[in-house]
């Protein structure tokens with residue numbers, strides 16, 4: 001595979017994508033914050049199943065971090081990321097600076113209601129404003145035909161779909177299954193913060209969620225099941241559970257038994273916050 | 001001139017504009033709330049000086065009215081509007097329903113900071129959120145090359161420019177001079193609310209603003225000049241003055257003497273609220 005072309009200006013990004021689209025090529029985008037792992041690479045592969053060209057943005061977006069969060073220590077490893085993108089066959093890497101994305105005087109914010117209510121927002125109040133604003137910008141900068149987002153960040157996927165529907169952004173959103181290690185641990189750039197003993201605990205998150213989703217689908221009371229799951233996470237070694245919650249699959253409104261559902265959780269392992277989610281199977 | 005084609009769905013709007021752009025035609029948009037007067041028609045004429053095709057949207061946007069405002073009584077006169085658009089040579093009228101613009105479950109809001117601070121926002125706190133959100137949607141629905149906005153709504157023009165810059169919306173914004181009657185009264189759909197005696201008072205708004213802008217440019221103290229202007233408006237017959245304020249021309253930050261400036265005002269005549277603005281000439 002050829003190495004991807006690297007551009008760091010909006011003008012160069014636009015020019016390249018416009019050339020491709022004028023030539024009749026179908027263009028996909030995969031927005032990332034870098035520190036690419038097998039989960040991201042699967043998004044690129046899925047993109048390339050349906051697109052002729054794939055743009056990957058690598059931008060650690062400061063507006064989706066709270067002042068107390070890990071913006072400064074968030075892993076950055078561009079050379080390694082570009083190697084992985086070459087292997088995966090991505091065509092263009094867009095690596096803007098903070099100043100390119102947010103020039104002096106920048107002052108606009110997009111707030112998506114609906115699926116952004118609760119869950120992550122209860123603990124990271126302006127997280128999805130930051131995500132929605134940067135995703136809208138990336139889509140308007142690149143003008144891809146479609147974009148691929150992982151189900152790992154399930155609430156984010158729902159918020160981005162709502163954003164595009166509400167603002168008439170002409171970008172199709174493709175959701176991609178979460179990539180997991182052999183023990184079921186969801187790939188995450190933040191797993192790099194975990195030592196071996198912590199990884200053993202982290203691997204129980206998906207086990208407990210799958211068990212709880214199964215219990216919900218076979219009739220266990222919702223409050224009892226999610227409370228048991230939170231207790232099981234603490235017993236397993238998690239320090240704190242932000243939430244374990246059953247929700248409707250698309251709107252993230254309260255789950256209605258016998259309807260499609262998703263079980264979502266966020267929990268702390270030491271100073272690292274992990275999230276995961278699983279489908280609630282129909283009974 | 002031919003009558004403009006009228007479409008009320010986003011799909012039909014998109015299809016028509018895409019056809020034009022594929023054919024290499026340059027497309028302009030003029031967003032309006034209908035009740036078209038000579039001011040709007042001048043926007044269409046300016047659009048057609050630089051474009052091959054002109055789309056005019058007619059949509060009384062509920063999200064930019066506060067519950068206490070005149071949404072229900074805002075003038076609606078589609079047949080007459082279409083006659084005027086035919087005379088002006090507009091090609092397409094986009095007349096969406098509220099449900100087409102805001103389908104069930106709609107939940108997204110765009111907030112533009114910077115130039116939206118103060119002035120109108122002090123009196124209509126969510127007005128520019130409503131404007132920014134609907135303008136972004138209209139631009140993403142129609143995808144015009146450029147759009148024309150009147151300087152009559154000067155703060156709105158600044159907010160729309162900031163919106164496009166911040167979100168990388170690929171639409172050029174053209175500002176158009178305010179159209180005035182023979183007495184200098186700015187054209188406004190809300191002038192229709194005024195009786196003859198009130199019109200005589202309304203016509204003093206631009207006179208007082210021009211006099212005040214002249215005084216500012218020749219060295220009169222800013223606070224004294226704007227206070228005098230507010231008093232003169234009350235003496236002339238206005239019931240209440242929301243603001244008379246000097247601002248920087250682009251950012252609407254506090255005006256700096258010897259820099260480009262704009263003098264903006266809003267005042268009430270009975271139950272009708274009028275706005276106007278003039279340039280502060282360089283000394």
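Quick reminder: no glycine exception, Cβ is built from N, Cα and C everywhere.
Straight from TrEMBL, the features:
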type     : residues                             : note
ACT_SITE : A:40                                 : active site, proton donor
BINDING  : A:33-40, A:150-153, A:179, A:187-190 : ATP binding site
BINDING  : A:64                                 : beta-alanine binding site
BINDING  : A:64, A:156                          : (R)-pantoate binding site
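Overlay of TrEMBL annotations on the structure.
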residue : record                    : DSSP class
A:33    : ATP binding site          : coil
A:39    : ATP binding site          : helix
A:64    : beta-alanine binding site : helix
A:151   : ATP binding site          : helix
A:156   : (R)-pantoate binding site : helix
A:179   : ATP binding site          : coil
A:189   : ATP binding site          : helix
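If you measure from the Cα atom of residue A:64 (beta-alanine binding site) to that of residue A:33 (ATP binding site), you get 11 Å. Around the Cβ of residue A:39 (ATP binding site), a 10 Å sphere holds 22 further Cβ atoms from the protein chains shown.
In this structure the C-alpha atoms belonging to residue A:151 (ATP binding site) and residue A:40 (active site, proton donor) are separated by 11 Å. Long-range Cβ neighbours of residue A:40 (active site, proton donor) (same chain, at least 6 residues apart, Cβ-Cβ under 8 Å): A:30, A:32, A:56, A:84, A:150, A:187.
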